[in-house]
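Straight from Swiss-Prot, the features:
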type	residues	note
SIGNAL	1-19	signal peptide
CARBOHYD	Asn135	N-linked glycosylation site
BINDING	His184, His188	Zn(2+) binding site
ACT_SITE	Glu185	active site
CARBOHYD	Asn199	N-linked glycosylation site
REGION	208-227	region 'Disordered'
COMPBIAS	212-227	compositional bias 'Polar residues'
DISULFID	Cys221-Cys247	disulfide bond
Amino acid sequence: MRLSLFLSGLAAAGSIVSAERTCGAVPPRGYEKEFSEAFAALGPEATSDLTAGITIDTYLHVLTSGTTGNIPDSQLQAQINAMNQHYGPSGVQFRLVKATRTNNANWASGRDEAGMKSALHMGTYSSLNIYFIPNLSSGLLGICYFPRANPSQTTITMDGCMVRSGTVPGGETTNYNQGKTATHEVGHFLGLYHVFSENGSCVDADMVADTPPQSKKTSGCPNSQDSCPGGGVDSIHNYMDYSYDVCMNQFTRGQASRIAQAWQAFRAGH
């Protein structure tokens, strides 16, 4: 996750063929302590409700520069359908409340994130805003913000995910056009880390017991990968790895539990 967070206009979504998935999400310093304390502060009623389903009001924002980056309604609905399919077994569903389209070359080039979000962000801290941007810098496919305790108005406004436009179902980003980039980024919105270690070690990098230790990100779609022998094969099919879209098909029960905990601790009721 230690990747550049600077966004700049490099090329249109359809003109970049990504060699591998890249995500700019970085957990805040001391985040796991914040997570544990926020969850511990919940009352018995909240912690007993972890098996209840979660429905998230969702706002999709399409940023264009002229015709570059436009996404038709059919593909936006396909993105919501894909996310509902991917998260359904974990008890999470997304309800599309509104889609917006804004023709602004500056925002479509990934510049002025604060200005863009101040103008476009909708809903509350329990709402999901996804900004589809044709030009994310340095080959990034997406970036999203982790949930925080006691969010300020600025934190609420800056919340949400920025996703490359060409990664929606049927999009133009080769190997990453089944809508799973948004699924991956929303995982961070719901408190999930990457399944692999960021420093090449075989530690429990994602704080989830049923994802085996993994010392490196996955590239492509290998038949198998075992970067930490003895702990189980790598989670190459997990949405929180870096595999091709065709390779991704699962969250674990442990990840579903962490999502429920993060939702109750950070977003429910906000």
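Placement of Cβ uses the backbone N, Cα and C atoms for every residue, glycine included.
Distribution of Swiss-Prot features across the structure.
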| residue | record | contacts (Cβ under 8 Å, 6+ apart) |
| --- | --- | --- |
| His184 | Zn(2+) binding site | Arg21, Cys23, Gly142, Tyr239, Met240, Met248 |
| Glu185 | active site | Cys23, Ala25, Ile130, Gly142, Ile143, Cys144, Cys161, Met162, Val163 |
| His188 | Zn(2+) binding site | Cys23, Ala25, Cys144, Tyr145, Phe146, Cys161 |
| Asn199 | N-linked glycosylation site | none |
| Cys221 | disulfide bond | Ile236, Ser243, Tyr244, Val246, Cys247 |
Of Asn135, Cys247 (the recorded positions), the residue whose Cβ has the fewest other Cβ atoms within 10 Å: Cys247
Helix, strand and coil residues within the compositional bias 'Polar residues' (212-227) as assigned by DSSP: 0 helix, 0 strand, 16 coil
